[in-house]
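K.L.:
Dumping the structure here so I can ask a few things about it.
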Amino acid sequence: MAASCVTKVELTVSCENLLDKDVGSKSDPLCVLLMDTSGNQWFEVDRTERVKNCLSPKFAKKFVVDYYFEVVQKLRFGIYDIDNKTIDISDDDFLGEFECSLGQIVSSSKLTRPLMLKNKKPAGKGTITISAEEIKDNRVVNFEMEARKLDNKDFFGKSDPYLEFYRQMETGWQLAHRTEVVKNNLNPCWRPFKIPLRSLCAGDMEKPIKVECYDYDSDGSHDLIGIFETNMKRLQEASRTTPVRWSSITKEYTFLDYIMGGCQINFTVGIDFTGSNGDPKSPDSLHYISPQGVNEYLSAIWSVGLVVQDYDSDKMFPAFGFGAQIPPSWQVSHEFPLNFNPANPFCAGVEGVVEAYRMCLPQVKLYGPTNFAPIINHVARFALQALQQNTASQYYVLLIITDGVITDMDQTRGAIVAASRLPMSIIIVGVGKADFTDMEILDGDDGRLKSIKGEPAVRDIVQFVPFRKFQNAPKEELARCVLAEVPGQVVTFFNMMKLLPPKPNTPVDSPNGPPQN
């Protein structure tokens with residue numbers, strides 16, 4: 001597998017208005033994260049701490065997951081009221097769950113949704129908020145902290161202090177760490193602990209850090225003892241031992257910086273309707289739809305479309321055919337909308353593309369030749385408009401599914417070389433048993449593609465795969481292969497054009513979550 005986008009993503013979870021399952025006190029919630037990448041095989045990734053007596057918890061423990069653009073990674077966040085010490089959650093009260101894909105979270109940056117019960121009804125007014133952040137800095141800060149002469153907030157006995165560290169975001173403070181509670185002590189010395197530098201200050205040594213000290217109360221009404229603000233630079237100077245040497249940080253934007261910053265991936269499909277596919281009514285035709293409702297064209301659309309759709313907020317995809325005679329004049333067309341509506345060629349979701357393909361098939365006459373340049377140039381016109389806005393807000397992925405040899409190779413090479421200067425990538429899936437040697441030329445893995453005039457592509461934007469390689473593989477494998485290079489192509493293009501993400505990635509979680517046990 002080409003693992004060109006193995007990235008770690010940190011997920012911060014909070015909830016509001018959870019169901020109250022405890023008599024005489026509030027629920028003690030905990031969040032469990034499950035993942036499924038291969039079709040209904042869920043496994044537990046991790047779980048947060050338990051937050052006592054709280055219906056709107058902000059969990060301090062983060063989930064860290066490996067992110068792959070080219071795979072649909074399904075996530076299920078389950079919230080449970082924990083009333084015992086066993087690891088098994090089946091004997092704990094269920095407060096609600098939320099399912100989505102990791103792609104949906106990273107493309108939203110911050111997602112708030114209602115929690116659902118197992119019967120798919122709302123879990124009261126409960127909501128879950130998930131913020132995503134890419135992990136790019138593995139440095140950690142080691143803390144040894146103590147306090148002297150704290151205020152006594154307890155009527156009987158002494159205060160039970162704990163600390164909360166907050167990172168400054170654009171719209172507030174986000175909880176980064178919560179220490180343990182030191183019982184009955186006004187001069188507490190906390191156990192040594194570590195906080196990732198990115199969680200504390202995003203690697204910025206002068207970014208403000210807020211530390212709050214609370215007196216823990218078992219009913220959740222923790223008393224504030226005091227607050228101070230500092231930054232890593234000052235904390236280092238206060239170190240008892242020789243300060244650690246910190247490397248300088250230079251900003252290189254990643255694929256997730258652009259996606260979380262609001263960049264949309266626009267997905268367009270081009271389908272080969274040339275005569276070499278065979279009569280769609282004949283079972284040996286590549287366009288023949290089996291009794292199970294599938295063929296190689298449909299398999300390719302589903303496989304690639306299900307991944308890409310998470311990165312397009314309106315999920316409206318233009319879909320075109322080429323190489324057919326179309327009604328009413330029966331002229332050959334090399335870029336006709338599958339829905340026969342040139343003013344609005346958009347289909348609603350992957351399902352809409354599939355439906356438009358099924359409706360179009362009996363209405364056209366398969367013909368020829370196999371010309372790619374018109375549909376590449378069609379998408380390139382939109383990519384050029386996006387580039388003229390001088391922002392990294394739009395990127396185009398064109399999926400061409402074809403059964404054979406390209407007729408307009410010179411024009412196609414020219415179109416690809418021109419498109420290499422635009423925010424677009426081209427994926428070509430070859431169906432059937434044809435000789436696809438020419439396609440390998442377009443996929444610039446073996447050297448830079450050149451136009452007929454000798455002009456080289458400024459970057460490699462074409463990925464070609466023959467469908468037959470994946471006939472016996474799991475259905476996710478095709479998308480995994482053809483989409484693996486897209487994140488690198490997106491980053492290369494926007495860095496080449498010196499375009500920043502449209503907006504900074506600032507997921508936020510407001511302060512004041514009660515501590516764990």
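Any Cβ shown, glycine's included, is placed from N, Cα and C.
Quantities reported herein were computed from a predicted structural model and do not represent experimental measurements.
Found this in TrEMBL, in case it helps:
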- 1-115: domain 'C2' (DOMAIN)
- 124-247: domain 'C2' (DOMAIN)
K.L.:
Across the domain 'C2' (1-115), what does the mean pLDDT come to, as a whole number?
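P.N.:
Computed over the domain 'C2' (1-115), the mean pLDDT is 91 on the 0 to 100 scale.
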K.L.:
What are the helix, strand and coil residue counts for the domain 'C2' (124-247) according to DSSP?
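P.N.:
The breakdown for the domain 'C2' (124-247) reads 11 helix, 53 strand, 60 coil.
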K.L.:
Do you know the DSSP helix, strand and coil residue counts for the domain 'C2' (1-115)?
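P.N.:
In the domain 'C2' (1-115), the DSSP-based counts are 7 helix, 52 strand, 56 coil.
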